[in-house]
There are 2 protein chains.
Amino acid sequence: MAGIEIIFTLGFVTLAGILAIIFALLLSAWILKQPKGEKKISALSDRIYEGAMTFLNSEYKPLTGFVVIVAIIILLTSIPNQAAYAFIVGAFSSALAGNIGMRIATKSNSRAAVGAKEEISKGLKIGFSSGAVMGMMVVGLALVGLTVIWNFAPDPSIIIGFGFGASSIALFARVGGGIYTKSADMGADLVGKVEEKIPEDDPRNPAVIADNVGDNVGDVAGMGADLFESYAGSIISAITIGYAVTQNQVNIPILSGLGTKLILYPLLLAAFGVLAAMIATGLVRPGRGSDIGSLHSALNKGVFGSAIIMAIFAFLLTYKYLGVINPFYAMISGLAAGIVIGLASEYFTESRFGPTRSIAEASQTGPATNIVTGFSIGLSSTLIPVLAVCAAIGLSYYFAGLYGIPIAAVGMLSTLGMTLATDTYGPVNDNAAGIAEMGEMGSEVRERAEKLDAVGNTTAAIGKGFAIGSAALTSIALFAAYISKVGISPSLLSIQQPRVMIGLFIGGLLTFVFSALTMSAVGKGASAMVKEVRRQFKEMAGILEGETEPEYQRCIEISTNTGLRNMVLPGGLAIVVPIVVGLWNPQVLGGLLAGAIVTGLLLAITLANAGGAWDNAKKYIEEGNLGGKGSEAHAAAVTGDTVGDPFKDTSGPALNILIKVMSMVSLLFVPLFI
Amino acid sequence: MAGIEIIFTLGFVTLAGILAIIFALLLSAWILKQPKGEKKISALSDRIYEGAMTFLNSEYKPLTGFVVIVAIIILLTSIPNQAAYAFIVGAFSSALAGNIGMRIATKSNSRAAVGAKEEISKGLKIGFSSGAVMGMMVVGLALVGLTVIWNFAPDPSIIIGFGFGASSIALFARVGGGIYTKSADMGADLVGKVEEKIPEDDPRNPAVIADNVGDNVGDVAGMGADLFESYAGSIISAITIGYAVTQNQVNIPILSGLGTKLILYPLLLAAFGVLAAMIATGLVRPGRGSDIGSLHSALNKGVFGSAIIMAIFAFLLTYKYLGVINPFYAMISGLAAGIVIGLASEYFTESRFGPTRSIAEASQTGPATNIVTGFSIGLSSTLIPVLAVCAAIGLSYYFAGLYGIPIAAVGMLSTLGMTLATDTYGPVNDNAAGIAEMGEMGSEVRERAEKLDAVGNTTAAIGKGFAIGSAALTSIALFAAYISKVGISPSLLSIQQPRVMIGLFIGGLLTFVFSALTMSAVGKGASAMVKEVRRQFKEMAGILEGETEPEYQRCIEISTNTGLRNMVLPGGLAIVVPIVVGLWNPQVLGGLLAGAIVTGLLLAITLANAGGAWDNAKKYIEEGNLGGKGSEAHAAAVTGDTVGDPFKDTSGPALNILIKVMSMVSLLFVPLFI
């Protein structure tokens, strides 16, 4: 392929990225024009905004230090120098996407509440638009960053730097944000709901603002950084393996002779994905006076619509551009696996279905049976997703060799602009419900906001399926890239080799220890929060009577400090251990990555689904079933829900990042291992 | 080596086995001579005995069918016919060891209580002797069975049949017994302790006999069958790899020229282990009027004494018999790993140390923080054991190649006669405490029996360390034997192969699904038990007043049926899935075994230690700390303890068997896969 064609193709992809960014900015402008609400309401939103920004800003200080140090280390090693700059750009882009997405989310919450007061579909529109800002910023910045770097330095060793930069930010944002949000949530619930029996989001609860801030730093900024990483990672691993094919390091007969096209193809797929997602946002048009069912179907139209449009685009692109249709099948197997995983997690976590109902029923015999039932449901919920991942690996490899695996991941994430929008939509409306309660906007507004939140659950389940599935496929693709780059003879990587077996054990071990560290950090933070809330209730007269305003700021500080302090060790482990092990022996590191991916995926699904199922079992009882609120069964279900908080929102999602970041750091540091 | 020498050596090992059996019979006779207690007491013991035997007898019916069918399948395939007979002998021996051990355990419980009434050291002696009967029966029957089979059919493909027979019985005994015991325990506690606030082991509780029966079918018969399998499996895998060396299928330079000695060496190690254990039982001599400390040190002398004696024996044997000292180092690395794993689980589960204390403290903020803290401690408790296993793999391989790994496992288990004795000692005294309570023998006797139970905890932790560590090493050795026998080129077993990766995923998945199945069976059984107990309290007047005797038999039937019905699916999966996957593709099966071993070990340790720590956190509070019995913290800790029941006594131990049985079945069925 001629150089000019490459530049033209890259330019097209850059343009799609810029388009996504412009789209996001236009949506932001529209959101900011919506009424923010009367003084009391807007003040609440401002508080949440400030709390969230305080956390992000405090997080940036250590992260900047970390980025500078790692960049210097890269410069000092035999890794190409440009990788250090790509690393900085990747870190900056990821932080920027998260920052903008979260700013808009915290500006949207009161607007969504005010909108829902007017008309429920208005609430949906604002929440969804806010999510779309995040979604489009993520894909836009990633595409612009990747194409600009590839244009100046077409070398996989360099572009991996970009991915590692994104990974590092994602790691700390997910871990720190996850610990923040659940320390606040658990702390607020344990004293507020359990001890003092005041409702969720009650303004008398000193931890209530911290809890609402947490939804943003955890579920919005953390999720955005997570998927920025997966998105960039999947494309980078496809580029790396495509490049290896062009260099004849990997031999895939059916793709021979396609040359540079194999490198540009994943970028083009992503560019068309942006267009598909943009078109599909137009499908999310709830009519005025919509009921829940039609709101639900509006979001579904967006998610499934973008997938169908993308499938058509991908078919045409593959046929016209590559001339070989097989990679299209690989991409479709990824897309299908994502949907299957999403539907499976929906089945396991929604109270319409058996599993969650059985948790609710087990709550009637107390918290212990609630926990045992929920945990065993979490364990068994791994069956379908893991088989789906296996099928995606098998099929994509069958159709397009090693190149097929990252293409499946790219396929799964191609419509990320849309799936992330429906995911981020949830916490925005969760915040809106909180603001409705705290700002005493009346029970109708609160109920509407809660309904809107519930509507997002199904699409969020699909979104989470994509996040989990893509993390697995991306890591496997990066792992394959590591293996092909490190150049160890396959027989030395046989599972029969004690070194590989030891690596598998260490990899599995890391996921367990990492989960333990993040989970116990939440426990410690929640405990500190409980003590502070109890102190305020005791020492400051009039809080519970609603006459004195509690010191919200103190609780925000506790969450912030817990999050920042406790992200260092697990985050550091994820980065340092693969490097140390790789320096010791790259065979062991190969085993380590495989062990971490397998165990990490299993554990992540278990934690996410057990947590989701406990949450919805509690909601099911709160809807008036099995005795309803205030019953013994409800108390047991609240325990399960609280246990599930760090499972589903801290440790589970952090594991997705762990496996990606370890694969990424291994791939980047290969030059040091050989 | 001349044939006559081989026969002589085998005869020596057989003799050691027979000696162990005679020793066990003499101990039994001594126990049966001890006073059984007055009528009320001995009636309770009889009830427990009958309940336990009813379960075993009901279990034998489906198991006999299973054994016959599998034997026929083996006869119909290309596996050597004699393997079918070895399979039957293995199954029978394992069942016999469990049966005798449990008979004696259920005959010892009231005798231990009566003994403790007289003098606390007498209680220890009876409990320990009862455990030693089980320990010696297990090693004796295993050694006799293995040597007789090897004498007539010196072929690894045949002796594996013996191992598979033992595995099958162990699998169903552990799963069925584990579900039985925890259905009864949880059911009894949930209504008795939580709802009606009556003490543990109160005779008014209709589930109390089922609960005490459960201790025997789960912790005695299940544990015995489990370790019978590990013991036989480790020796068989050493024989298999030793045989492969003699056939030049495996090349280990340092061992070249040792010939048949490599096959007989593990048997000799085991024979000397029997002697070491027998000598060490003489060290367990608590003086009259002993305090807890000296009782404790009496048991410790037994465990550590046997290990030291064995180390000396092994050194001399290796030096004199093999002339190459390296396998001795491999054996020592296994023995050391077992002790390290045991000490680590002691650290994580005993209330003298930080982790369990922190669970107790977290109980002050309710059940949710108790659960989160306990679970995260379980996760982090994997660190030391897994590193110890890695070290044992690495060192034993370094010293003696592939042969070193099974030798490490044999080393770890060589003193099983002793470690199993201290393990089985626990449930016997647990039962004694129950009988003291139910038979109203006075609080002093109960306290003494409880102290005796507590004394056993430390040695039991060591014993559990050996069980977990040996399961991992034995499975790895069997896995290595599978790989060397199936003869796939190492490069096809590279972790880079998608088929291997898919295998790793499926193997990991199996451990999660298996745990879910066993755990949810306990949940269902406990729930049925709760309903039955509530029904009896409601419909039968006078139970709670102690005027009417509850229908104990109904509860026993519920546990029995739950155990038997729910062992079929998980047990079947463990056997059928490896065969089906192997028939599909032996590469995938290789990955499956590796994935299951790694993930299974991690999950087993997490479940065992989280459960142990919850249990002891509750006991710590019951000792009067943090508010003591009846406080909010205590209620929270009871929840944690109940959640931990199926973790530590059903799913956790069953995972140890799962990984062994899958490796064993794969190894046996290799002829069908190639």
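Cβ atoms here come from the backbone N, Cα and C positions, even for glycine.
Unlike curated entries, TrEMBL annotations are predicted automatically.
Per TrEMBL, site 'Determinant of potassium dependence' is recorded for A:Ala460. For A:6-32, A:63-79, A:85-105, A:158-176, A:262-283, A:303-322, A:329-348, A:368-395, A:402-421, A:466-488, A:500-522, A:567-585 (among others), the entry in TrEMBL reads transmembrane segment.
Ranked by the number of CB pairs under 8 Å to the transmembrane segment (A:262-283), the listed stretches A:6-32, A:63-79, A:329-348, A:466-488, A:500-522 are led by A:6-32. The stretch with the most CB contacts under 8 Å to the transmembrane segment (A:368-395), chosen from A:63-79, A:85-105, A:303-322, A:466-488, A:567-585, is A:466-488. Note: the stretches the transmembrane segment (A:567-585) and the transmembrane segment (A:158-176) are in contact (3+ CB pairs below 8 A, sequence gap of 6 or more). If one looks beyond the transmembrane segment (A:402-421) by at least 6 residues along the same chain, the residues whose Cβ comes under 8 Å of a Cβ in the stretch are 20, 128, 131-132, 134-136, 138-139, 223-224, 227, 230-231, 233-235, 237-238, 240-242, 245, 250, 252, 255, 262, 265-266, 269-270, 272-274, 276-278, 280-281, 302-303, 306-307, 310, 314, 326-327, 330-335, 337-338, 392-393, 395-396, 459, 462-463, 466, 469-470, 473-474, 476-477, 480-481, 484. Remote same-chain residues near the transmembrane segment (A:63-79) are listed as 85, 87-88, 91, 95, 157, 161, 165, 168-169, 172, 668-669, 671-672 (criterion: CB distance under 8 Å, separation of at least six residues from the stretch ends).
Away from its own ends, the transmembrane segment (A:85-105) comes close to residues 24, 28, 31, 49, 52-53, 56, 60, 63, 67, 70-71, 74, 130-131, 133-134, 137-138, 141-142, 144-145, 149, 153, 158-170, 173, 216-217, 220-222, 224-225, 228-229, 232, 424, 427-428, 431 of its chain (Cβ-Cβ under 8 Å, at least six residues beyond either end).
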